Amino acid sequence: MSDIAARVKKIVVEHLNVDEDKVVDSASFIDDLGADSLDTVELVMAFEEEFGIEIPDDAAETIQTFGDATKFISEAQ
């Protein structure tokens, strides 16, 4: 697992209080990990802070899974 993926996973586990084993590339924040819309906004803000990037609103709407988040952040770095 890349450093970025490990850091994203840590944020997801801490913010959503889920088991690390459930955080896989295809895991939907809402459908699989129990997040609501506020949780997803907080995740995006945490990603921005952790990685020193800005995620525009239109891009944030496309980040639905752990894999989406990791891919977006990797490309934004």
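Cβ from N, Cα, C; glycine included.
Remember, predicted model here, so these are calculated numbers, not experimental data.
Annotated features, as they stand in Swiss-Prot:
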| type | residues | note |
| --- | --- | --- |
| DOMAIN | 2-77 | domain 'Carrier' |
| MOD_RES | Ser37 | O-(pantetheine 4'-phosphoryl)serine |
Task: Tell me, roughly as an integer, the mean pLDDT over the domain 'Carrier' (2-77).
output: 97
- prompt: If one looks at the chain holding Ser37 (O-(pantetheine 4'-phosphoryl)serine), which residues at least 6 apart in sequence have a CB under 8 angstroms from its CB?
  reply: Ile30
Statement: For the domain 'Carrier' (2-77), the DSSP helix/strand/coil residue counts are 47 helix, 2 strand, 27 coil
